[in-house]
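> Pasting a structure below so you can have a look.
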Amino acid sequence: MERLATVRARLQEWERAFARLHGRRPAKGDVEAAPEETRALYREYRNLKQAVRQADDRHRVLEQSLAEAAEEAQEPSCWGPHLSRAATQNTQSMPKQSLLSSVQDYGKRLKANLKNTTQTGPTQSRKLQLQKRSLSTVPAPRPPGSKTESPCPDEADDALPRVPEPRPRLGQLQQLRSSLSRRLTSLDPGWLERCHNRVSDLLEVPGACGLDLSAEESQPQMSGKVNIADPDIQSEVSVQSPEAIAQQPAQVLSQSPKSINSKGRKRKWNEKGEDFAQDQPSSGAGPLSEGARATVHGQDPPGEPTQVNVPQPCNSSNQARTEKAKGTTHLHASPRPASLDRGNYIRLNMKNKRFVRVGANRGRLLRKQVWKQKWKKKQAAFGGSGPRATDKDTCFRCGQFGHWASQCSQPGPTLTVQEEGDRDDKQPISTLEEVAQRTGTASCHHSGEETQPAAPELQVPHCPTPMSPLYPPGPLGQVAETPAEVFQALERLGYRAFRPGQERAIMRILSGISTLLVLPTGAGKSLCYQLPALLYAQRSPCLTLVVSPLLSLMDDQVSDLPSCLKAACLHSGMTKKQRESVLKKVRAAQVHVLIVSPEALVGCGARGPGSLPQAAQLPPIAFACIDEVHCLSQWSHNFRPCYLRVCKVLREHMGVRCFLGLTATATRSTARDVAQHLGIAGEFELSGSANIPANLHLSVSMDRDSDQALVTLLQGDRFRTLDSVIIYCTRERIQNGWLALLRTCLSMVGDSRPRGCGPEAIAEAYHAGMSSQERRRVQQAFMRGHLRMVVATVAFGMGLDRPDVRAVLHLGLPPSFESYVQAIGRAGRDGKPAHCHLFMHPQGEDLWELRRHAHADSTDFLAVKRLVQRVFPPCTCSQRPVSKSSPEEVKEHSGQQTYPVLGQACLGHERALPVQSTVQALDMTEEAIETLLCYLELHPRHWLELLPWTYAQCHLHCLGGSAQLQALAHRCPPLAACQAKWPPKDTSQGRSSLEFGVVELADSMGWKLASVRQALHQLKWDPEPKKGAAQGTGVLVKFSELAFHLHSRGDLTDEEKDQICDFLYNRVQAREHKALAHLHQMSKAFRSVAFPSCGPCLEQSNEEHSNQVKTLVSYYFEEEEEEEETMTDTQGPKPGQTQLQDWEDQIRRDVRQLLSLRPEERFSGRAVARIFHGIASPCYPAQVYGLDRRFWRKYLHLDFHALMHLATEELLLRGR
């Protein structure tokens, strides 16, 4: 039988492949034309079927001989005729009476059976129990293809054990006779009449020849045996004639209700066992095709059991099968039990739920409950829509409350197994061509077809017309003189005159000219966008967008605006109600200035939390202001990549043509990069520079113990009396208990001022590991003067508007000159003297920490290549015409380089890159991957276009089964296209759930992603509800797996992909080298003017030393244009490079030890070097590898690239 199942499975696999290839089932001629191996399988299948049939015939003859031998066997009798073996006779030997005649004397035979039962007594019941136990050993019918074995003669003899002669007890015959009289009087004549009517209806059923009289559901007529639902005897008889069926109702009804109830539980167990066997079909389940049956020369198909075939006169249509199932249900009714006197007991219906609570409502609560129920019933009459049907508390069939689908009496859409299979056969899955014709989209296609039409090009949203300037510039672009209207607006804002640089910048914005303004911290940069916004709003309803980097900075900017200027902010930290209120005011043109984060601006139209709506829903935008514009050049790389797309989104989606950039620190190279983003053509003039105010006194020292030096400095005369101090250091240093040491040491120093005049607290921490409420509390306490010192990271202080900050201290080297200038610029804004000091480590530990961040953003060429392969997968669009000119090699991202324009046959496809899987595959952070994608979007060739993030996978589950899924596909084009694009592998069994890619489906259909998502969401609700309220369909639709969403071409050549890889890798390498060069240059500059210790800085500041530091910083910002020539000279020999030879042997041993301890990991040279430097990555997190201090941060003082080179050599030697 195992070989038969194997051969059947292979033949069915060949037939399915033939059907997919030719669109039809194979015929006899196709089988003869098949390969020799296939024909040999058909011949072997025929021989195996014949062998199985012969074995079944021998088994049937053996059973008949055993039955005849049992009839002829004579038993010694001394108790009368009640010991005869008539009850053990086979049902096949019963007299063949007509079904109609048996109905007429139904009651007579029932009484006769009851009388015989009385005569036989307990002996007959014992025989029946033994016979039941013996017959239970006969194998039940198994599904096709299952392994069966014919019983041997010995087992057949054991199936009929000899029954020992029982000894009757005295008085038992009289008890049985009395019980007979009671049971005869309890018979209901109406019940006999109903039985007569039911059996008469049975004669009218066209498919009655194949009925199953068991309590199970009607199964397809696969075998010629019928299971008799006898509670005491379970046997299988061959259906030979209608007369044999006429005997079965009498046997069913001849048992007492008590016996039926007592055996019901065991009967259920047997049925579960049979169902469990049937629920495990073999790989060859299912009939062969018609051509295959013709090939086997009239033999049974392999999907049917090897039983005696019964001629079925019934029709094979769905209507006949439904009538057959209805006819079967009449015979499943159990007889009515006799009325019994149960005394003080009642019957509980456990199928219906009854809720009885201890604390039931009484009195006022009960009257209120009744009042609510009454008005719920009147709700429809008063215009209400009734309770809304949900998926949790309503029936999936009828949509009513109070019951589940299993107790529903109304016919629902759910089908039986047979009807569901018939519907699957009658309703095949639509092809892609049919779906395209039905939906009107000609772009539904397979991903592997060569004739696939190109996907439609991504349409850019219509940009609104830009606003005209308030004061148009002259013919040569000159700015007009400042009119009196501008000065009047200045007075309305509370100012009397302009500060240096403000007037020129404001007039350029009012003339519609993009401007980059660089002013020191506290010089009034906010006025440069407030005044133009007010004047534009006075002329016509419009909006001014301000892009701000921090949420706390947004709140401060809104609160500091004058009352005549209406402003609001929009970010992800707001509640849904707050966002809706702000958007409502913006649409109504009640807001003059809208402050948003770059993430909210880039994700406009994505309907995410804190995202900005589309430009069509907003008033005309006068101009856009980007505060802290240096973030476009510094923060945009691997930290906040959305900054790279801010100007592109404003220009292409919002229609903005005038930009204003505000910053306090911008070198020459940073200014050129920012000007390129803002679209400032030609030479630009920096209004102001990063000049350090004269009231700041700077000093630098290199102390061996920086903690003790800080305490000594704060206890000195120079810093002892200062009330507001900001101390910048790393987060690790704050969390290592250093803050407690600072509080303890400073509390022991007495304060000469009177009680109540100074701050209440000494020092508090501020870093990203704290909650937002705690950070806000610390900042407010510092702003109100209740806190003397704030020990924080570099995130604190941006947008801080406290003019009397008296001191700023740095524990360690700052990240850059720009960061240092911004930090010290927060002190002394009131013009009074302020002090700033920098502590450096003499051994360079602070420089080592900063180098870690530069190396963390770099990646390998192999990771870049994998990303390019994921972004530009090949498509089947027709090839482009070959251009005569060859593409030039991409070297740098410069707008001056020209590229040949080639004819494009592929207009691009929408793709989704799952974030989590992409991060793990490339071992890169989300920000680093998005940065590389932004590089490709901003490239002159425009390799791709980034879209808002989306959920790529859709999981759809139908509670109604595969029939409901097929019905929904006819009214939902995306679902039909999904089934046609990804057909199920096994079509014999229906499926009720689907999981597919939404972006890929939308691209193949040519639809927008939003339309596809909306169509799938509509499947959860009934389009034609029976009531006024919306009703659920029982369909669950869930979107998951957040992914990068982009639009890219699929016809790039290998040369173009190599150019993209080189371009991205060169950009990453250039950023890393530039960051390292700046760090070394800054470290060298500060070391040249640093004191060996803080001793000279304790009492008073050194003016000469302060001027040296100021000159050094100003030189960096003014002479930045020579950076490219001096970068290699400035970098010089790398620190730690000369010590590598002394550590080489130890490094190699540690690499080998690391590889042996973790053989399951696939390390790379960069991964090993990151572990030695303490750099976490997605595949090698610090929470796991940071626990092993034998390797983590062990070689931080050595060069990163040298470690990576040694690790790569060891990996190659070990073959990994």
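Using N, Cα and C of the backbone, Cβ positions are placed for all residues, glycine too.
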> Swiss-Prot lists region 'Disordered' for one of the ranges 413-435, 436-458, 873-895, 1126-1148; which is that range?
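Region 'Disordered', as annotated by Swiss-Prot, spans 436-458.
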> Labelled motif 'DEAH box' by Swiss-Prot, one stretch among 187-190, 475-478, 519-522, 627-630. Can you tell me which?
627-630
> May I ask you to indicate which of 72-100, 362-390 is given in Swiss-Prot as region 'Disordered'?
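It is 72-100 that Swiss-Prot annotates as region 'Disordered'.
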> Hey, which bits of the same chain come close to the motif 'DEAH box' (627-630), Cβ under 8 Å, at least six residues off its ends?
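Answer is 516, 525, 546-549, 553, 557, 661-663, 665-666, 670, 674, 678, 798, 818.
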> Note the mean pLDDT of the zinc finger (393-410), expressed as a whole number.
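The predicted confidence over the zinc finger (393-410), as a mean pLDDT, is 68.
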> Suppose the ATP site is Leu519, Pro520, Thr521, Gly522, Ala523, Gly524, Lys525, Ser526. Which further residues of the same chain have a Cβ inside 8 angstroms of that site's Cβ centroid?
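The surrounding set, listed in chain order, is Arg499, Ala664.
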> Just name the winner among Pro520, Gly522, Gly524 (the binding-site residues) by count of other CB atoms within 10 A of its CB.
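The largest 10 Å Cβ neighbour count belongs to Pro520.
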> Determine, from DSSP, whether Pro520 (ATP binding site) sits in helix, strand or coil.
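Its secondary structure by DSSP: coil.
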> Thr521, Ser526: which of these binding-site residues has the highest Cβ count within 10 Å of its own Cβ?
Thr521
> I'd like the Cβ neighbour count for Lys525 (ATP binding site), meaning other Cβ atoms within 10 Å of its Cβ, all protein chains included.
25
> Taking the Cβ of Leu519 (ATP binding site) as centre, how many other Cβ atoms lie within 10 Å?
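Here the count is 23.
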> How many neighbouring Cβ atoms, not counting its own, are there within 10 Å of the Cβ of Ala523 (ATP binding site)?
18
